[in-house]
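Student: After the structure tokens below, expect a handful of questions from me.
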Amino acid sequence: MDLNAQEKKAGFFQRLQDFPSKLKDDVTKRVKNVQKFAKDDPRRIIHSMKVGVALTLVSLLYYVRPLYISFGVTGMWAILTVVVVFEFTVGGTLSKGLNRGFATLIAGALGVGAVHLARFFGHQGEPIVLGILVFSLGAAATFSRFFPRIKQRYDYGALIFILTFSFVAISGYRTDEILIMAYQRLSTILIGGTICILVSIFICPVWAGEDLHKMIANNINKLAKYLEGFEGEYFQPEKISKETSSCVREYKSILTSKSTEDSLANLARWEPGHGRFRLRHPWKKYLKIAGLVRQCAVHLEILNGYVLSNDKAPQEFESKIQEPITTMSREVGEALKAIAKSIKTMRNDSACVNAHIDNSKKAIKNLKIALKSSYPETYKDLLEIIPGVTMASILIEVVNCVEKIYEAVEEFSGLAHFKETLDSKLSAEIGQHQLLHRGCVKPVLDGDNEKEDNSSCHVLITVHDEGYLPTATAKNVLGAEKTRVDIV
């Protein structure tokens, strides 16, 4: 008994002795987690400081005596507005600020009107009329929140409308200064909302539209990364490291990105024109592209199942389809990288994308030829090659899906006014033309051959661009369709 008591006592003192070191380790671990969280997105720290600035500015309604005399305790509504309205992005702040401002204005006006209307029915009829109006408008506003469009863009405004109307209408029954109360509430909310919007826009703004733009381009890059590493994943899995394998599977995050994309697109519509994005930028087109990207990610997820499966086709069959499969995955990956770069830089590079897609289609034809030449002779052979054939068919679907993504981006680029990238063929001709002008070129004039000695050598170069009909731009740059030069 004494031994157990001594052991418990020793254990207690040991825990007490270890407590400072454990506390230090725990605090250090938490500090490192906070530092890592802040480094992942430094804008979070800036946003926190911006909220602090907005709260400090709006608190002047209490600190400055003339402002306090004007607004009194209703200045608290301005502080409350800053807390609930200030969002991480400019679009989020504008959405909540404008919703709150207009909802307060409309609900306040209706509330004052409801109070004056109810007073016509006398002291006994006034609460009955107010109760009917509060019930009717409150129920109607609540029902409107179920409509998808209102739910998506004006849900917060409908909520504030219900709150403000009920507050003004019910308070008006016990006070005669209903107009003053409504004015002070509206004024302080507008002051708080305006401060939020100004701080959000002019101090290190975070644009939802820019985040959406980068997100779509990065998601397309994730698809490209997987397709470029597909050959090694499927045909040579033993040579792929764990880090590389996890890197190429980044596409999995695309499968759960729909809610984030919808939210960013909705907030981006509230934002004014900024940077490369004009006032009426086609934000809805991002959702169309995102849907196709997600569809492609679903195909890759199915494809990844065959990569991880132990049920593979015979080695002889895989060796026949390896070359077209490799070409197909590599080319379609390059096409996706070009599309992602086009979105990031907002430059239309259709020639490069078309070239890679055409190459992938040629690889599909070669794959079909290889499959026909490997037609199984027996039922058993057919069962053995099914995994390989299924994998190939899914990869063909991926190519078709990438082509749809490109078509959607091509449509989007016209609406978003992407800059045109100079065609590669025209660029080569321009470079050759400029090179000729830098060298020593002596033109051949009529009659020169008669004057000069017959032993002199001339090389007459006549350039006919037969296979290429120059556009108006090409003619302006190159000067003419036919060039005659003499190299001495």
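Residue numbers in this text run from 1 along the chain shown.
Glycine residues also receive a Cβ, built from the backbone N, Cα and C atoms like all the rest.
Worth saying up front: this structure is predicted, and the values here are computed from it rather than measured.
Below are the features listed in Swiss-Prot for this protein:
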type	residues	note
TRANSMEM	45-64	transmembrane segment
TRANSMEM	66-86	transmembrane segment
TRANSMEM	101-121	transmembrane segment
TRANSMEM	127-147	transmembrane segment
TRANSMEM	160-180	transmembrane segment
TRANSMEM	189-209	transmembrane segment
Student: Does the transmembrane segment (66-86) reach the transmembrane segment (189-209), going by 3 or more CB pairs under 8 Å (6 or more apart in sequence)?
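Tutor: Result for the transmembrane segment (66-86) with the transmembrane segment (189-209) is yes.
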Student: Check the transmembrane segment (45-64) against each of 127-147, 160-180, 189-209 and return whichever range has the most CB pairs under 8 Å.
Tutor: 189-209
Student: Using a Cβ-Cβ cut-off of under 8 Å, list the residues of the same chain that are 6+ residues beyond the ends of the transmembrane segment (160-180) and lie near it.
Tutor: 99-100, 103-104, 106-108, 110-112, 114-115, 118, 126-127, 130, 133-134, 137-138, 141-142
Student: Counting only residues 6+ away from its ends, which parts of the chain sit with a Cβ under 8 Å from the transmembrane segment (127-147)?
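Tutor: Same-chain contacts beyond the ends: 110, 114-115, 117-118, 121, 155, 158-159, 161-162, 165-166, 169-170, 172-173.
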